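Report on one structure; see the data block that follows.
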Amino acid sequence: MFAVRHLLKSRKHFPYAYAAATTTKSTLPMPAVPARVLIGLHTDSDCRNKRLPQIQELSFRKMSSLPTSKKPGSLLEELYAATKPYAQLMRIDRPIGTYLLFWPCAWSIALSADAGCWPDLTMLGLFGTGALIMRGAGCTINDLWDKDIDAKVERTRTRPLASGQISQFDAIVFLSAQLSLGLLVLVQLNWQSILLGASSLGLVITYPLMKRVTYWPQLVLGMAFNWGALLGWCATQGSVNLAACLPLYLSGVCWTIVYDTIYAHQDKLDDLQIGVKSTALRFGENTKVWLSGFTAAMLTGLSTAGWACDQTLPYYAAVGVVGAHLVQQIYSLNIDNPTDCAKKFLSNHQVGLILFLGIVLGTLLKANDTKNQPQPALTSSAASSYASLTQKPEVLS
């Protein structure tokens with residue numbers, strides 16, 4: 001017992017001997033021998049050298065198992081990491097698609113404005129929000145259809161669904177939320193616009209399938225992406241003026257075929273290998289000829305829409321600038337250079353903006369033209385009739 005008491009009193013000098021003595025399960029009395037004997041006749045330095053790594057590892061495990069307080073900002077970092085794949089799924093980091101979807105809506109809203117008036121800012125805000133939401137929903141639908149195809153294409157293999165960052169079930173749940181938000185925006189419009197807007201959903205859903213069956217998926221994309229050319233006018237006026245909206249819509253379809261064909265040339269080698277079709281493959285080396293034809297059709301449609309709306313000089317000047325912009329794109333395009341194709345595709349945001357500004361300025365100028373128009377002269381018969389109406393009737397007494 002003397003040895004035990006001595007060991008307990010001197011544990012700060014012999015930590016490893018104390019650990020060995022106190023953890024022994026034997027019920028036999030402790031022999032009165034020096035502490036060095038209890039641990040196998042090793043010296044303090046020998047014990048420390050052999051057991052120190054084990055003690056350090058044990059301490060590390062205990063410390064790592066203790067709850068640690070979160071660093072400032074760690075919650076935001078976790079939230080960012082959790083939401084980043086969904087933001088990538090709806091292409092928040094690449095807003096060009098939202099712009100290209102919004103501009104036909106903005107054109108239609110601006111064309112429908114009364115002479116001398118600015119376009120309806122509330123409608124522009126609603127359609128801008130709707131473009132952001134529905135473009136994201138369209139990307140989700142596209143990636144759900146093309147998950148296996150995207151995994152085989154160099155440019156798209158890192159997309160959240162193709163790379164496995166998001167499961168198919170989670171993507172469907174996310175799509176439901178997107179469509180619900182889109183419906184919430186749509187119901188802010190009149191009932192004619194609600195029906196017209198809902199009817200475009202079929203095009204949005206079927207577009208990704210078209211690249212499997214036809215070389216013209218860009219045509220279907222154009223029909224879906226430019227639906228706002230019809231919807232914008234209906235939202236502000238309660239009906240669609242086909243004389244103005246139909247040529248505007250067809251112009252937008254031609255524009256989409258132009259810029260999305262340029263876009264599709266980035267992936268044409270991968271598309272050939274996996275059997276995906278596109279206008280880039282259909283046009284081939286004659287791409288510039290085809291794009292020139294669609295550009296001419298677009299400019300013709302825009303001129304027709306402007307004539308139907310009694311547009312003024314700024315509008316037609318903008319149409320001319322748009323034509324020059326597209327001609328420069330096509331002339332300098334290198335269809336075998338993916339970087340150049342991407343650059344030309346992105347520049348189409350400027351096309352939409354230029355035309356929108358031309359519509360706004362042309363509509364504002366319409367009021368001045370109306371005021372400066374000479375009043376029609378009265379004919380002699382009309383003048384005599386007017387004079388007789390202004391004479392006071394005789395009073396019979």
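In case you wondered, yes, glycine gets a Cβ from its N, Cα and C as well.
What Swiss-Prot records for 1-14 is transit peptide, and it gives sequence analysis as the kind of evidence.
Here the transmembrane segment (96-116) has long-range neighbours at 123-124, 127-128, 130-132, 134-135, 138-139, 225-233, 235-237, 241, 244-245, 248-249, 252, 256, 259, 305, 309-311, 345-346, 348-349, 351-353, 355-356, 359-360, 363-364, 366-368, 370, meaning same-chain residues at least 6 beyond its ends whose C-beta is under 8 angstroms from one of its own. Summarising the annotation, Swiss-Prot assigns transmembrane segment to 96-116 (among others) and lists sequence analysis as the type of evidence.
Taken from Swiss-Prot, the feature transmembrane segment covers 121-141 (among others), and the record attributes it to sequence analysis.
The transmembrane segment annotation in Swiss-Prot covers 169-189 (among others).
If you look up Swiss-Prot, you'll see 190-210 (among others) marked as transmembrane segment. For the transmembrane segment (190-210), the list of distant contacts is 134, 137-138, 141-142, 145-146, 216-217, 220-221, 223-224, 227, 230-231, 234-235, 238-240: same-chain residues at least six beyond its ends, Cβ to Cβ under 8 Å.
Nonlocal intrachain contacts for the transmembrane segment (213-233), taken as residues 6+ away from its ends with a CB within less than 8 angstroms of a stretch CB, comprise 100-102, 104-109, 111-112, 123, 127, 131, 138, 193, 196-197, 200, 203-204, 206-207, 239-241, 244-245, 248-249, 252-257, 260-261, 264, 277-279, 281-282. Look at Swiss-Prot and you will find 213-233 (among others) tagged as transmembrane segment.
Residues annotated as transmembrane segment in Swiss-Prot, with sequence analysis given as evidence: 242-262 (among others).
As annotated by Swiss-Prot, transmembrane segment applies to 289-309 (among others).
The annotation transmembrane segment is assigned in Swiss-Prot to 313-333 (among others).
Among the features that Swiss-Prot reports, transmembrane segment is placed at 345-365 (among others), with the record citing sequence analysis.
Within the chain, the transmembrane segment (242-262) has long-range Cβ neighbours (under 8 A, six or more residues past its boundaries) at 100, 104, 107-108, 111, 218-219, 221-223, 225-227, 229-230, 233, 278-280, 283, 287, 290-291, 294-295, 297-302, 304-305, 308-309, 326, 329-330, 333, 335, 341, 344-345, 348, 351.
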